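Chemist: Quick one: the structure is below, questions incoming.
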Amino acid sequence: MGYGNLTEFILLGLFHNEDAKAICSVLFLFCYLATLCGNLVVVLTIRCSHLSDHPMYFFLSYLSFMDVCFTSTVAPKLIIDFLVQCNTISYNGCIAQMFSAHFFGATEIFVLVVMAYDRYVAICRPLYYMITMNRSVCYILVTVSVSGAFMHSLLHVLIVIRLPFCDTNEIDHYFCDIFPLLKLACTDTKFLTLIVITTTGVLSILTFVALVISYIVILSTLKNCSSKGRHKALSTCGSHITVVFMFFLPLIFTYVPMRDSVGDDKVFALFYTMIAPLFNPLIYTLRNTDMKNAMKKVWCQEKVFERK
């Protein structure tokens, strides 16, 4: 336990309107179940088809799995708080939730960077693609992503467990995050806030800018491709770019605070913890012919076997 006598925190949630909580609990439960089903379908489709041999879909399966894990660190507690008005969380539970959220979120960021690199090699260096992105390299890139996310999350935990908490234990948020916890500390946290902004906010901005530039470079090379190749590359990169914008923009607005506005932070956090993971399966499948064909093959075959 950190300094002070606190054993639990009270999560104030998204809002204080009691009448809307019942409706929101049903809405968020539906969104959470849809997120689980959509992303697990993507993971199982890739794992049970020939797509698992392709690096792009290998990384996509990990991204979808991270979406499931990331949302599961936040959504169940949020839904329970709406339903039974049990908005307390233990000190250790709060630390675990913060670590998990940052770990899975950071892993997503690194996997998105890896996916951009994969598309760069595939489109700009196609002759060297299978050599450069062999299975061993893919496993190394995923391992590096997970390791980097672990170090990032551990840093945040080390910051929080050293904080002295006094009398106030109300967190003005719907899950335990670093900024709301820093605001509860009864000590000067300006330096620690600067560390968080640097390690999370500035890093998010730099990563976002690097990803956008990389996709601009990739798209600029499409003029040398055939019409069919150009259309396929545009479809694939378009999906990646959409996900990057949906995930990074709310993240940047959250961790690079322009003013003291917790209400806005909660809305922005809702985008990257609930909304982006919900739409990612749709974004990656609706315009992807390979995914749609693989889904028909995998899931239609299972239905045929069940009938037999």
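Backbone N, Cα and C define each Cβ position, glycine as well.
Among the features that TrEMBL reports, transmembrane segment is placed at 20-44, 56-75, 95-117, 137-161, 191-222, 234-255, 267-286. Under the heading domain 'G-protein coupled receptors family 1 profile', TrEMBL lists 38-284.
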Chemist: Given the cut-off of 8 Å on Cβ pairs that are 6 or more apart in sequence, determine whether the transmembrane segment (95-117) and the transmembrane segment (20-44) share at least 3 such pairs.
Modeler: no
Chemist: Excluding the flanking five residues on each side, which residues at least 6 beyond the ends of the transmembrane segment (56-75) place their CB within less than 8 Å of a CB in that stretch?
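Modeler: Here the qualifying positions are 28, 31-32, 35-36, 39-40, 42-43, 46-47, 97, 100-101, 104-105, 107-108, 111-112, 114-115, 118-119, 122, 135, 138, 141-142, 174-175, 236, 273-274, 276-278, 280-281, 284, 290-291.
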Chemist: At a C-beta cut-off of under 8 Å, are there same-chain residues at least 6 beyond the transmembrane segment (234-255) that contact it? List them, or none.
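Modeler: Answer is 56, 105, 108-109, 112, 115-116, 119, 123, 179, 196-197, 200-201, 204-205, 207-208, 211-212, 215, 218-219, 222, 264-265, 268-272, 275-276, 279-280, 283-284, 287-289.
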Chemist: Please figure out which one of 20-44, 137-161, 267-286 racks up the most CB pairs under 8 Å against the transmembrane segment (191-222).
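Modeler: By the under-8 Å Cβ criterion, the transmembrane segment (191-222) pairs most with 137-161.
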Chemist: Take the transmembrane segment (20-44) and find every residue of the same chain, 6 or more past its ends, with a Cβ under 8 Å from one of its Cβ atoms.
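Modeler: Contacts of the transmembrane segment (20-44) (Cβ under 8 Å, skipping residues fewer than 6 from its ends): 13-14, 60-61, 64-65, 67-68, 71-72, 75-76, 78-79, 82-83, 85, 274-275, 277-278, 280-282, 284-285, 291, 295, 298-299.
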